[in-house]
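Below you'll find the structure, written out as structure tokens, and then a few comments.
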């Protein structure tokens, strides 16, 4: 039946390896009982064999006396409540156990913010996410410069606690010093190919926090549908969404942004132009280029029409709204896969090309468009992210424009070229999670080394991080969560943990247990391999 | 082929009538019409025809009536009938008549599932030979009902005559690699019924865990399950699954795979598995069931006596796949036994075991299904054995294997191209849909021996978190291949209907509470 003995040798080897690992994991579970499974692995962990017990009724998370944040910091207050729930959650019935416990107890976790807390701010690329965690009897201490580090530390603290075989909540005395390797650790969701209900987006943000991701890259519109409800141009979604119930209202959007902020996650919206814009055309007349068949105008339209002033008037007004609605410093402008056929077919565009002296080089026309757009965005004091084609097509770009590398072929050399030109880069090419295959593909995501390209130290510093992308052609609310988790977790650790953390055996063991923890917290993460969760 | 072209044209014609968009799997013959009737949800009822062999009290049909009322109309409230526009004649009942009523019986491989559905000015009638056919017809009826923008329920004037191409249309679930909660299995049975699948092949146990809670040998699950409290199927669970399946016209084919794939049996039954040797000493590992001990067959007799009575279906699946000979080879007692018996090939030993087992099963008046290796290894089996073909390429391509199996006079089940657990990027349902199970060289008698096929969902990477979206709608492609005519092959037409059907499934599944369970 199941092709244990089938398939190419590579697959066979993987299968055998998988079985060994599974046996190992089981044996360990059976013999040693649950242990803390830290994911992603912190920078420095010192665990003492000394065990402390936590009694749900007699344990609390609170503000340290010297913290710059206090009970007025609702971001932390909410986080304390949330983590109390994650730690003890479904085990409330065991509260009485506390009375009978005799061992040494951990009574409190005190959270101290050292510098200005940023409690009411939005996280940014430069947000400090470092923290130190000291678990000692009777009070544990979590110290962070900013609330962002405190959020990461709370997650780690919650991962340290486990239930022993008698059900007692247990934690080892420990010292942890932690900070992320890359500042940009993102998940891309695509709400155009399929609409995702807001509750699924919020669930995704929860899971992201469990994996210390800090950027939701919201590919909100594309050819297929325009679910973003614009205040300035309501016709865009009135005409461009799948149905009127498949839209994100301003209220939905602000809910997502605030939910993300409370978890230290930035929301970067992508409004991809000039290609991938078919759905814009329905609600915004004359925005898209009419395509021609011979001398006649055809029924179809192409990319945004780059030669009309009205286009830039529209874009200015539209992105003015976007830059207000989305507080993040960055906007993703897309710029990928611009098809030149339609532009080439249109006589007006041809004339315009001639007038501008572009010849037959449509990349120059694209560049013309992109530069005007980048200027618009810069005038709003926002920074831009673009897909790699914008760089590849030799557009002149403002310094500081971030290039997202997505093409799998030769992505290392692409990183090398982008950074050699002095541009910051984000890596996605090896992490297209929508491209599924049979078996344990998380391993290959895990083994990617983002800085494994030719370049100086200065170039390597320009790599800001990466994103796992879950494009929506074959994904909607029915399969989003199990397809994303725990596969994206592999990327989460790669972007957070030290570059030397690459041991697959250890990772399998920790990730299996991390997956079960996500499951307990309400995320339907799929299994890594054969086995079960307690 | 002329018939093919004509068939296709008819299909497209039907597609244009709108009605067709909703049907999955596609029936044998559909005559649609733009004329439509409205259905009043408050008044609408399913009724037994006065001359039907089944009358109120026939639980299979009574339960189906209640189920389909709920699926069709929900619990209300319903908008008042639209007064605007033209007046439509209304239908307030579907009359069901069957020739024989096996209301308290179980469906079998031989059960007839044909039905005729007539919706016209004079009648709204479902006729079938058996209640099982009536169940299929009720499903089709429910797929014909559509809702206008105002929320009015309509059905078009339609005549459908339908019957399945193959009698065995199965789905395999694996509850050993990962335990599946009862609710996941019951939900799957519901969706199987929507797809007119009629066999739940339950691969209950395997190497990783033994969740079947045996009455005779409770140690099996106590020691062999992942968790003897939460990750087992009790006798009550099994009963519930069998009854839930029966009410939907689905057989439960239980698989207890031996002599390989049995590591989880070992802890509960000391001495059952072969001790492997490393040099001259036992290594501590175990291999397949030990075929040289009398105690093995005593155990099997008792165990399968229980299984034969717990599972009412005539057939049991005995596995027999992928027997690894290295452990047998390493064991000196096995070697001695081989010598004594004059065996020079371990396939002879496997054959010895399987024949002993088959004798046991035959004595309980059960038939059996085995994986293809039993046939490939030339084990002597009864002529009425069913061979399930699962290997895609080796020892021969799966179509050649079907040819060989049927040439030898055995009945065959096809699974090789339908391993749903294997995923690739993109619309892989198309390849599964395009499979033609009878596309092999063989006589008409050989082709008649292909009794159907099964979609398989092995559990290495599947549990209740991802089961549903991995199964559906991909399993639907297999379901249509096994039900509909061999001429129903147009991919565009299938895409339209399958997309529509998927959205219907979403509605059904969300009507039922559980989609994905997050607590295990």
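Each Cβ is built from the backbone N, Cα and C atoms, and glycine gets one as well.
Annotations in TrEMBL come from automatic prediction, not curation.
Residues or ranges marked as signal peptide by TrEMBL: A:1-32.
Residues annotated as domain 'Beta-hexosaminidase eukaryotic type N-terminal' in TrEMBL: A:38-160.
As annotated by TrEMBL, disulfide bond applies to A:73-A:119 (among others). According to DSSP, residue A:73 (disulfide bond) sits in a coil region rather than a helix or strand. There are 22 other CB atoms within 10 A of the CB of residue A:73 (disulfide bond), with all protein chains counted.
Feature annotation from TrEMBL assigns domain 'Glycoside hydrolase family 20 catalytic' to A:182-498.
Less than 8 angstroms from the CB of residue A:291 (disulfide bond) sit A:297, A:298, A:300, A:301, A:302, A:341, A:342, A:345, A:346, each of them six or more residues away in the same chain. Among the features that TrEMBL reports, disulfide bond is placed at A:291-A:342 (among others).
In this structure, residue A:533 (disulfide bond) belongs to neither helix nor strand by DSSP; it is coil. Within 10 Å of the Cβ of residue A:533 (disulfide bond) there are 22 other Cβ atoms, across all protein chains. The disulfide bond feature in TrEMBL is assigned to A:516-A:533 (among others).
The disulfide-bonded residues considered are A:119, A:342, A:516; of these, A:119 has the fewest other C-beta atoms within 10 angstroms of its C-beta. Candidate disulfide-bonded residues A:73, A:119, A:342, A:533 yield A:533 as lying near chain B, with Cβ-Cβ distance under 8 angstroms. Separation of the C-alpha atoms of residue A:119 (disulfide bond) and residue A:516 (disulfide bond): 31 Å, rounded to the nearest whole number.
Residue A:516 (disulfide bond) is 31 Å away from residue A:73 (disulfide bond) when you measure Cα to Cα.
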